[in-house]
Amino acid sequence: MRHPLLPPPGLYAITNGPRPDLIPAAAAALRGGAALLQYRDKTADAPRRREEAAALQALCAAHGALFVVNDDIELALACGARAVHLGEDDGDIAAARARLGDAVIGVSCYDDLERARRLAAAGADYLAFGAFFPSPTKPQARRASLDLLRDSAGLGLPRVAIGGIRPDNAAALVAAGADYLAVISDLFEAPDIAAAAAAYARLFSSARKTSA
Ligand SMILES: Cc1ncc(COP(=O)(O)OP(=O)(O)O)c(N)n1
Ligand SMILES: Cc1ncsc1CCOP(=O)(O)O
Ligand SMILES: [Mg+2]
């Protein structure tokens, strides 16, 4: 069953901090229409991470967007987030479920349909695939093909596409079945973050019109 906290298909903004203007940058992405916002910060600065996560949680609540904490179940708990994203090195779904109850648990499936099947059966709420294109943020990321998106349609869970997404390749991912487009650099390094977010958000309103 689709998790009730998951928004309709749309832009999944992922922060590229640390950056001094993190909160205004995230606010601009939300103003532009991001449906989900993930806090992705690989530093070990626990006090700053706690403070930023709490601010972003409040910001997302004000915009009606889902706030997702990357990697860190305890940080999600501490800031009241109702969603976490876990990759292969970030602990398992059962442990996250035990701590977070019925929160949204999203998982990375990379280029691996079998892993996606296994994690769907283990209780994941969405499945993320990619990198679909060369990623400036994660150049070494495993690469996935558009066929993987088509082939994962039967798994019955919302699917996220990530990795090197830009305006010129985004529509192909939506056409192949992506419910959410997870974007870091093209969004958060844009000169006008709200306008960049709005352009991604529009892809989904036109997809809905086309399929209606
Ligand atoms: C939506 C989404 N998809 C994939 C990832 C990557 O997760 P992971 O493999 O754990 O890598 P890091 O992001 O932790 O470096 C993600 N964060 N979000
Ligand atoms: C976290 C992650 N996992 C696979 S690619 C990627 C980074 C995506 O960032 P960008 O949108 O800048 O390519
Ligand atoms: Mg991770």
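Here the Cβ of each residue, glycine as well, is placed from N, Cα and C on the backbone.
Remember, TrEMBL labels are computer predictions, not curated facts.
Straight from TrEMBL, the features:
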DOMAIN    11-186  domain 'Thiamine phosphate synthase/TenI'
BINDING   GLN38, TYR39, ARG40, ASP41, LYS42, ASN70, SER108, LYS138  4-amino-2-methyl-5-(diphosphooxymethyl)pyrimidine binding site
BINDING   ASP71, ASP90  Mg(2+) binding site
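Among the binding-site residues listed (TYR39, ASP41, LYS42, ASP71, ASP90), ASP71, ASP90 have a CB atom closer than 6 Å to some atom of ligand 1, in sequence order. Ranking the binding-site residues ASP41, ASP71, ASP90 by how many Cβ atoms sit within 10 Å of each one's Cβ puts ASP41 at the top. Least crowded of the binding-site residues (ARG40, LYS42), judged by neighbouring Cβ atoms within 10 Å of its own Cβ: LYS42. By neighbour count, meaning other C-beta atoms within 10 Å, the densest spot among the binding-site residues GLN38, ASN70, SER108 is GLN38. According to its DSSP assignment, ASN70 (4-amino-2-methyl-5-(diphosphooxymethyl)pyrimidine binding site) is in a strand. Cβ neighbours within 10 Å of LYS138 (4-amino-2-methyl-5-(diphosphooxymethyl)pyrimidine binding site), excluding its own Cβ and spanning all shown chains: 15.
Residues GLN38, TYR39, ARG40, ASP41, LYS42, ASN70, SER108, LYS138, recorded as contacting 4-amino-2-methyl-5-(diphosphooxymethyl)pyrimidine, have a largest CA-CA distance of 17 Å. LYS138 are the binding-site residues among ARG40, ASP41, ASP90, LYS138 whose C-beta comes within less than 6 Å of an atom of ligand 2, given in sequence order. Take the Cα of ASP90 (Mg(2+) binding site) and measure to each of the binding-site residues GLN38, ASP41, SER108: the nearest one is SER108. The Cβ of TYR39 (4-amino-2-methyl-5-(diphosphooxymethyl)pyrimidine binding site) has 27 other Cβ atoms within 10 Å, all protein chains considered.
When the binding-site residues TYR39, ARG40, ASP41 are checked against ligand 3, none has a Cβ within less than 6 Å of one of its atoms. Recorded residues ASP71 (Mg(2+) binding site) and ARG40 (4-amino-2-methyl-5-(diphosphooxymethyl)pyrimidine binding site) have their alpha carbons 8 Å apart, per Cα-Cα distance.
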